[in-house]
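According to Swiss-Prot, the features are:
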type: TRANSMEM; residues: 25-45; note: transmembrane segment
type: TRANSMEM; residues: 347-367; note: transmembrane segment
type: TRANSMEM; residues: 369-389; note: transmembrane segment
type: TRANSMEM; residues: 396-416; note: transmembrane segment
type: TRANSMEM; residues: 440-460; note: transmembrane segment
type: TRANSMEM; residues: 472-492; note: transmembrane segment
type: TRANSMEM; residues: 537-557; note: transmembrane segment
type: TRANSMEM; residues: 863-883; note: transmembrane segment
type: TRANSMEM; residues: 888-908; note: transmembrane segment
type: TRANSMEM; residues: 911-931; note: transmembrane segment
type: TRANSMEM; residues: 968-988; note: transmembrane segment
type: TRANSMEM; residues: 998-1018; note: transmembrane segment
Amino acid sequence: MQVLPPSSTGGPSRLFIMRPVATTLLMVAILLAGIIGYQALPVSALPEVDYPTIQVVTLYPGASPDVMTSAVTAPLERQFGQMSGLKQMSSQSSGGASVITLQFQLTLPLDVAEQEVQAAINAATNLLPSDLPNPPVYSKVNPADPPIMTLAVTSTAMPMTQVEDMVETRVAQKISQISGVGLVTLSGGQRPAVRVKLNAQAIAALGLTSETVRTAITGANVNSAKGSLDGPSRAVTLSANDQMQSAEEYRQLIIAYQNGAPIRLGDVATVEQGAENSWLGAWANKEQAIVMNVQRQPGANIISTADSIRQMLPQLTESLPKSVKVTVLSDRTTNIRASVDDTQFELMMAIALVVMIIYLFLRNIPATIIPGVAVPLSLIGTFAVMVFLDFSINNLTLMALTIATGFVVDDAIVVIENISRYIEKGEKPLAAALKGAGEIGFTIISLTFSLIAVLIPLLFMGDIVGRLFREFAITLAVAILISAVVSLTLTPMMCARMLSQESLRKQNRFSRASEKMFERIIAAYGQGLAKVLNHPWLTLSVALSTLLLSVLLWVFIPKGFFPVQDNGIIQGTLQAPQSSSFANMAQRQRQVADVILQDPAVQSLTSFVGVDGTNPSLNSARLQINLKPLDERDDRVQKVIARLQTAVDKVPGVDLFLQPTQDLTIDTQVSRTQYQFTLQATSLDALSTWVPQLMEKLQQLPQLSDVSSDWQDKGLVAYVNVDRDSASRLGISMADVDNALYNAFGQRLISTIYTQANQYRVVLEHNTENTPGLAALDTIRLTSSDGGVVPLSSIAKIEQRFAPLSINHLDQFPVTTISFNVPDNYSLGDAVQAIMDTEKTLNLPVDITTQFQGSTLAFQSALGSTVWLIVAAVVAMYIVLGILYESFIHPITILSTLPTAGVGALLALLIAGSELDVIAIIGIILLIGIVKKNAIMMIDFALAAEREQGMSPRDAIYQACLLRFRPILMTTLAALLGALPLMLSTGVGAELRRPLGIGMVGGLIVSQVLTLFTTPVIYLLFDRLALWTKSRFARHEEEA
C-alpha cells in the first residue's frame, strides 16, 4: 500500500507564502472579477430549463369540435408529426378553436423549431378550409406557463370595444416587441366590429335568404388594387369608394330590389357597432375589463423581461385617454425577487454563523480573520465563472453558495489548525506555514476532488431535472475549487504573517473557559473511543444497522417531486354543467368572484369566460387569484386554497379547481390541478367506455383529491338531419344548408374593414332574441333552384343529441387527461402507486394506453434514476479516492461513513414531515461529500503516523482521531450552520430551500456522532483484512 507523501517544504503553497504581495494582488483580482460578475449576472427564480415549446392557434368561428378536429387540427397534426426533434404534440379542438402545443427536445434550439413549425403550417395551408378567417398563428410560448405579468385595462367613459382597440394597437404590439416576450393575449373579446343581426321574419317575407345578404355585403365592401394611369406628363393612381367603414354605411347598403324599390340592409337587420365575438368576457375583480396576459418565450429571462415591460408602461399609458386606467394586477417577478433576496440573506447569515463557529473554536481574532476572508473570497470569485457559463443568480445557485459556505471554510480551517499546531510547538510562523501547508496539501486536494466527484453524476442527469441541477452542481464545484486554491495560497500566506505564539497564547476568560471545555470533550471522546476500539464487532454491528435502517427508511419515506411553492398566485378553473351558455357561465363566474374577493388573503382577481387558446368550452372559466404579499397575510397558499374551495362550494352548480403557480413548469397545457394522468385510445368510443369507469375508481382513492377529467361528452347538439333526396329535388346542396346555418348562428366573419391602424370584421348572424333555443332553426330559409324560398324544416328534422365539448389529441390519437391533487397526509409517490394499482384492476384493453404527464412523469423518471444517481456518486468518489490513496481498501473505509448520513437525513425529513423530493435527494448526495471528510482527515494522519513514526495501526488511528477531533468538529459544525438558515427559512420560496437544509442538518448531526467511533473501528478491521490477505498470498507463494 502506497500513499503519496506530503511535502515538508510547503509544496504548491511555498511560492505564494514567500510572495505575499503577488498573492494579495491575485486574490484582489479574483475579488474584483467576482464583483463585476455579480453585477452582470441576470436574476431568475430557477435556471432556465424550459423545453422549446410552440403553440399554434387556429380560430374558425362557428365550427363544432368535430369540424375543428377533422378540418383543421388533423391536417396540421399530420404535418407537424413529420418534424424532427418533436418530443410531444398535444391538441385541443373545441367550438371554433384549435390549439396545438408542440414540445421539442431540450437540445433543439427554439429558433430551429420555429422554422420547422412555419414550414409545416405552409405545407398544410391547402388542406385547411377555404373560408378560414385567418391562417394558423404560432407563438413561442408554453401555454401552461403562467403569465409573467397580468394587466387590467378599464374605463369608466369608453366602451370596451374602443378600449381593446387602443390597447391592441398602442400597447400590446409594443410589449410584444420586447425581447423575451413570447405572447401577449388580450382576454375579454371586445375587439371592435360591425355586427349585422338579420331579422329572419323580415327577410323571409321579402323572399330573401341570409346568403343573399352575405353576398351583397361581401360584394359591397372590397379593398383591392385598381391600377393607375400613366400619361405623357402625369401619373394618376386610381381609387374608389369601395370601402364601407361604419355601421351607418352598412345600414344604407342596398341588398336587393323589389318592384323597383330598393331594400336596404337596415330594413331587414339591426346593424350596430359591437364586439367581434359576443361570447367572450373578462373581469378584473368585479369590473369588466380587457385583461392583458404577458407570457415569456421559453428560455427568456423573466426578470429582465418584466423590467423592460415596466420601463415601457409609463410611456405607453401616456398615449391613452385619461379615462382609461391600466393596472398591474400581478407580477411574478415580485415574488421571485423576494425569494432571491431571502436566499441572499440566508447566504449572509450562513457566512456569519460560520465565522462565529470559527472564532468559538480558535478563540483568536487573527486566526478568525483568515477564514473570514477566505470564505467570501471563494464565494464572490464564483460569480466570475458563472458569468462565463451563462448562469444566473437564482434560488438554486444561491442555495449552492449557501451550502458551499460550510464546505469552503473546511479547507481554510484544516490549514489554519495544522499551521497553528506547529506555531504552538515553538516554530516560527513562516516555517510553521511552510511545514503545515506542505503537510496538509494532499489532504486539501483529497477533500476537494473527492467532493467534486460526488457532484459529477448530477452533471449527467437526463431530461429537465438534470438541466435544472446542472447550474447547482457546477456552481458548488466551482466554489469548492476556488476554495481549495485560496486555502493553498492566501490562507497559509496570511497565517505566516498574522499568527504568532503570542497571538495564539493570548487568552481571555472566555478563551480559557472554552479551552478547558474542549479539553474535557476531547478527553471524554478519547475514553469512549478506547472502549469502542476494544469492542470492534459491536461497533461494526451498529454501522451495519445504520445501513439497514437507511434502506428501510428509503423504502418507506413519502416521496415527492418538487416542493409546492407559495408564489402568491393561484390559477383556477371553474366548471359548470356542460350545457351552460355564455350568459349563464358569466353570471356564475361573477358569483364565484364575489365570494373569492371576500377572503382576507386575496388582493385581486381576474377571470375569463369564453372559448380561446386556453379555455376549451363555454361551460368553463379561467381565474387568476393574486394573493397579498406573504408578510401581509396569515396563511400560506395551501391553506388559502382550502378556505376558498370551502367558500365556493356554497355556490350551486359549479366546481372550482385551484392550484398554486410554480416556478418550474413542465406541463404543456393548463390543468385544473397539479398532476395529470392520461388515457389514450384509437377512438373516442373507447375513451367514452373506460374513462367513466376509471374516474369512478380514482375518486374513491384516499391518496387522491380533486379528481377531475377533461372528458366532456354531454354537450348539447342540435343535429340537422337533412333529407338529401328532398333537398336534391329542390336543387339545394349540403353546402347551401351549411352556409345558411353558418350565416345565422356562427358569428360569421363575412367581410373586413381596412384602416390605417388595424383591420375590423363585419359579423353576420340572426337576431335570436325573439326566437331563443331550437326554435331559431325554424326561421332558416334556403333558395331552391327555381328561385323560391324553402324553409329548412321542410327538408330536415332537428334531433337533440350529446357530443363532446372538446376533442383532445396526444401525438395524433384521442386522449383524455385526468387531473388530481394529493392530500396533505399522502405523498405523490403514494398517489402514483395507487393509480397504477387501480389501473391493473380494471384490465384495460390493449388499444388503451396510460401515461403520467408533466411533473408526475418527471417524478417517475427522477425516482427511477435516484438510486443509480447515488450509486454513481459513491462509485465516482471511490475511484477518485482510490487514485489519490493508491489503495483499494482505504476508500472503502472512508465510504463506510455514508449510511450514517443517509439515516440522519431521512430521519430528519420524517420528523419534519417533509417528503423525499429531488431537493432533499440533492442534500443527501452533498452529505456523501461532507461526511467522508471526517474519515479522510482521520485516515490521512493515521497513515502518516504509521509511515513516519512507526506506530501500530491502533495507536495511529487513535492518535489521529484525537488530533483531528477539533478540526473535524469545527468543519462539521461549520457545514451544519451553513445549512441551518436554509432549514429555518420562512420567507418567499422557503418551501424550495427547506428540504435541503433539513436533510443536511439531520445527516450531519447523526453522522458526526457515529463516524467518530465507527471509522477508526472499520479502519482497523480493514487493516487486519489487508494483513490477512497479504499473509495468504505470501503462504501461497512459499508453497509454490
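One is the number of the first residue shown, and numbering goes on along the chain from there.
Positions of Cβ are set from backbone N, Cα and C atoms, glycine also.
When each of the listed stretches 25-45, 440-460, 888-908, 998-1018 is scored by C-beta pairs under 8 angstroms to the transmembrane segment (369-389), 25-45 comes out highest. Between the transmembrane segment (968-988) and the stretches 347-367, 472-492, 888-908, 911-931, 998-1018, it is 347-367 that has the most C-beta pairs under 8 angstroms. Under the criterion of 3 or more C-beta pairs below 8 Å, with sequence separation of 6 or more, the transmembrane segment (396-416) and the transmembrane segment (472-492) qualify as touching. Among the recorded stretches 472-492, 537-557, 888-908, the one sharing the largest number of Cβ pairs closer than 8 Å with the transmembrane segment (998-1018) is 888-908. Long-range contacts of the transmembrane segment (440-460) within the same chain: residues 4, 6-7, 11-13, 407, 410-411, 414-415, 418, 466, 469-470, 472-474, 476-477, 480-481, 483-484, 487-488, 869, 872-873, 876-877, 879-881, 884-885, 894, 922, 925-926, 928-930, 932-933, 936-937, 940, each at least 6 residues beyond the stretch ends and with a Cβ under 8 Å from a Cβ of the stretch.
Long-range neighbours of the transmembrane segment (863-883) within the same chain, counting only residues 6 or more positions beyond its ends whose Cβ lies under 8 Å from a Cβ of the stretch, are 446, 449-450, 453-458, 460-462, 559, 829, 890-892, 894-895, 898, 921, 924-925, 928-929, 932, 936. Counting only same-chain residues 6+ beyond the ends of the transmembrane segment (472-492), those with a CB under 8 A from a CB of the stretch are 10-13, 16-17, 23-24, 26-27, 30, 47, 370-371, 373-374, 377-379, 381-382, 385-386, 389, 391, 396-397, 399-401, 403-404, 407-409, 411-412, 414-416, 419, 433-434, 436-437, 441, 444-445, 447-448, 451-452, 455, 458-459, 922, 926.
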